[in-house]
Each structure stands twice: as structure tokens, then as C-alpha cells.
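Student: Just dropping this structure here.
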Amino acid sequence: MTALPRYSVFGNPVAHSKSPQIHQQFALQEGVDIEYERICADIGGFAQAVSTFFGTGGCGANVTVPFKQEAFHLADEHSDRALAAGAVNTLILLKNGKLRGDNTDGIGLANDITQVKNIAIEGKTILLLGAGGAVRGVIPVLKEHRPARIVIANRTRAKAEELAQLFGIEAVPMADVNGGFDIIINGTSGGLNGQIPDIPPDIFQNCALAYDMVYGCAAKPFLDFARQSGAKKTADGLGMLVGQAAASYALWRGFTPDIRPVIEYMKAM
């Protein structure tokens, strides 16, 4: 009997990951059977865990916190997206045995905004809140959609300015944000502790979409604040999660899943 194609997600912690359910839905669309497991790698043991997985028949892997930068250094070659982001969330085993690193986070975000939420990015003004790895990973793809302007705001200005210089966008301290934006994206992790970014409510007055890159309860504080402050539409990051997973699946298998029914399936869980 032929073994099923094996995939995984590496993280620490990783027990909460919804990736196995998402990828099994993609496999149903393709009409194939796959194995997809969560692997909690020890801090300091990521490289060995990856080597063991691929050495025992693994075909592809997703990578989540805190290993995305380490995965970047582990990969033998990189996509342009991964090089720009400096982080890898997808590892692909090539026919020559080498590992190729890619970053599909930006694709997941942009596809959710443009295809599922039906809001164009081209010609729009975008405010990014936060300057960590999550934000850095999505800037290259957002720029490909040719927005009129991207502004990055962070509590510590130096980190925002570093990304602004790297990607040719604007930076401001979070407390100094003013003016209306079409799309406001929260890439901070404060919602996990019930906190919202220190921004004035009037920036949401002409906001077509307020988006939090996290999903579920952690997104609620920011999205509630945005809605109460005038944002026309709000969304958490579930669509981004499904979208980046679909892009990974396509890289591994050459089959592009339809993300809409999978988003609805995950909402109903």
C-alpha cells in the first residue's frame, strides 16, 4: 500500500493550530487523501525536527511562531517573497532533495481582502499597525497591488522607520497617526491580552475595512473599537489564515483550492 503524502506545521506552541483541518478540506477539494500533523519542535531543536520530518518521507511543511526566521536560514533557496520578508512560513521539498522556502502570509492577506471581502487595494491608502515579523511578511505583496500609500505606525518609531526604509513606505509613531485611511490593518499582538493599539478613533471615519491579522477572540478588542469608531467593514484574520494555507498547498501539490467554502467551514466549527 502506498503511503499517503505527509505534510505538517511546525511551531511552539502548536496544539491550537487549525492548519490540519484547513488542509484536509483542501485535500477533499482535490479529491486526494493526505496526512497533515502538528509538530511541536523544541526551542533549539527546530532544525533537527525538520530534518527528521523530511528524512522520513515528509513532502512539505508550514512554519509558524517562533520558527519563521529560523526556517528562512534553514532553506537552501528562497522565493522573492521570502527574501523580501526575511521569513519563511512554507518549506517545499524539491526533487533534488533541497528545501525551498516561501512566504505566503502576504498572499493570504491580499487574497482575503480583494477576493473574499471584495475591496481593492490598488490606489488605496493603507495603515499598518505594528512593525514585527507578521507585518514585515505582508508588505511586499501589499506593494505588488499598487496602493497609493502605505504608512506603518509602531509604538517604537525606530522599528517602523527600519521597515519604512527597507520597503520605501512611510513611518510614524503610533501616537501621531492622523488622517483617514481606506484600509487599516492591525499586526500587533495586543488583542491576545485584550489591548488595542494607542491610536485616535477618528482615523476610522473613512475606513472601508479594518482588519486584524489574528482571528477569533483575540481580534475582538480592535475590531469592536474600529466598528464603534466608524469603520464600514471589519474582519479578523481567519481568511488570511486559510488564504496563506491555500497558497502553501498550491506550492506543494500544484492544485489551487477555493478558499471561500473553507473559510465558511472554519467559521462553523
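Including glycine, each Cβ sits where the backbone N, Cα and C put it.
Pulled from Swiss-Prot, these are the listed features:
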ACT_SITE  K68  active site, proton acceptor
BINDING   S17, K18, S19, T64, N89, D105, Y215  shikimate binding site
BINDING   D80, G130, A131, G132, G133, A134, N154, R155, T156, R157, A158, K159, M213, G237  NADP(+) binding site
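For each feature listed, report its degree of burial, its nearest neighbours and the pertinent distances within the displayed model.
Tutor: In three-state terms derived from DSSP, K68 (active site, proton acceptor) belongs to a helical segment.
DSSP gives N89 (shikimate binding site) a coil state; it is part of no helix or strand. Close to N89 (shikimate binding site) in the fold, though at least 6 residues off in sequence, lie N62, V63, T64, K68, A71, D102, N103, T104, D105, G137, Q244, S248, each with a CB less than 8 Å from its CB.
In sequence order, I152, N154, T156, K159, A160, E162, L163, G187 are the residues of the chain that are 6 or more apart from A131 (NADP(+) binding site) and have a CB within less than 8 Å of its CB.
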Student: May I ask which of the binding-site residues D80, G133, A158, M213 is closest to K18 (shikimate binding site) if we compare their C-alpha atoms?
Tutor: M213
Student: Where the distance is taken from Cα to Cα, which of the binding-site residues D80, G133, A158, M213 turns out closest to S19 (shikimate binding site)?
Tutor: M213
Student: Give the residue from the binding-site residues D80, D105 that has the most other Cβ atoms within 10 Å of its Cβ, counting over every protein chain displayed.
Tutor: D105
